[in-house]
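Record features (TrEMBL):
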DOMAIN    9-422  domain 'Major facilitator superfamily (MFS) profile'
REGION    198-218  region 'Disordered'
TRANSMEM  7-26  transmembrane segment
TRANSMEM  46-65  transmembrane segment
TRANSMEM  77-96  transmembrane segment
TRANSMEM  102-122  transmembrane segment
TRANSMEM  134-156  transmembrane segment
TRANSMEM  168-187  transmembrane segment
TRANSMEM  239-256  transmembrane segment
TRANSMEM  276-294  transmembrane segment
TRANSMEM  306-324  transmembrane segment
TRANSMEM  330-351  transmembrane segment
TRANSMEM  363-386  transmembrane segment
TRANSMEM  398-418  transmembrane segment
């Protein structure tokens, strides 16, 4: 197929990169605001961490609604509205005085309506632009989280330390309104067909392409599955849907349980506030190369393998966190950073690619939204239950053991979902074609 000189899909990737760099890190900044709010008001951890969990619960409700809306509304409008509501939540939180005030401002408005700016919202339309290089494109776009984390996390922590957490909220609101809202409103697009293009920048399919050439590039394993025009009701009747949802739900439990409590935990075992905040930023930075490489790798070896590698990264980082309670070593902290960011962040790339590999059709938005709802339930329960375990036991031991168990369940579930049995990634399709050519030669 002939290719266009410049493919607008890469502009979409750049916009998502910027949006994720700020949007996701604004949400992650709750782990930096968390200690300051605890210190000021003296509430217990479960009560305060419930802010994040309530926001995630709302995000879970909103995910399929957003997916359905994207069938009729351009993403640029939803992204712009989300940037505004998140900014509003941040600003209003500065006058909050009761737990329910924070549940409404940082929970409902910042975390809840902010779902459109994050992995879930972007994954509903970004995969439309790529097929062969879907994993790479999603990996590059989502690596913006790491760059943003490296810049924003220390800046936010420094602002909290020097000026206070309220000033940090004003800073984040300004970034959203000045950068994210206008960039998305004027430049973001939903799919290549909207501007007369095809996925991956290909020209119109060549009608004279031979059957042999078509077969060589064909990733299909289960023809009946691939030919299905998937709707939510059809997807709900498959075991694949539920195994995939379980894999994603347990993975997000792990991800957010660790990230929300990690900063406070590191401070308690002997690291300074800045060291703990920098660790969170470095996790995101390590995720930059990790997401790009693992995204590309998933296009070659398959989504299941990269999901396994990435989830194992979180599992091992959790083991190191346990060990660091007795040996608060900087070397171990940096090893934890590499495992959690360099490997663990690959979960986001596969999360953004795998559902599109499995459930293509007119109902994809609401299917992905429903998977996201179930996944976000895990993300909501993780921080709250981890805080509850701490409040009951006075330490994170049981909480970390549960996180390790959830990691194992996630790995097993993705293999049972088995996207490789429906459609191969590009690298495996080429390998199959090469093997077939050898057999036939």
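Yeah, the Cβs are placed from backbone N, Cα and C, and that goes for glycine too.
By the count of Cβ pairs under 8 Å, the stretch nearest in packing to the transmembrane segment (46-65) among 239-256, 276-294, 330-351, 363-386, 398-418 is 363-386. Long-range contacts of the transmembrane segment (239-256) within its own chain (CB-CB distance under 8 A, at least 6 residues past either end) are made by residues 52, 56, 307, 311, 314-315, 318, 344, 347, 351, 354-355, 358-359, 367, 370-372, 374-383, 403, 406-407, 409-411, 413-414, 416-419, 422.
In this chain, the transmembrane segment (168-187) lies in contact with the transmembrane segment (77-96); the count of Cβ pairs under 8 Å, excluding pairs fewer than 6 apart in sequence, is at least 3. The domain 'Major facilitator superfamily (MFS) profile' (9-422) scores a mean pLDDT of 90 in the predicted structure. Contact count against the transmembrane segment (398-418) (Cβ pairs under 8 Å) is highest for 306-324, out of 102-122, 134-156, 306-324, 330-351, 363-386. Across the candidate stretches 102-122, 134-156, 363-386, the maximum count of CB pairs under 8 A to the transmembrane segment (276-294) is reached by 134-156. Tallying C-beta pairs under 8 angstroms between the transmembrane segment (134-156) and each of 102-122, 330-351, 363-386 places 330-351 first.
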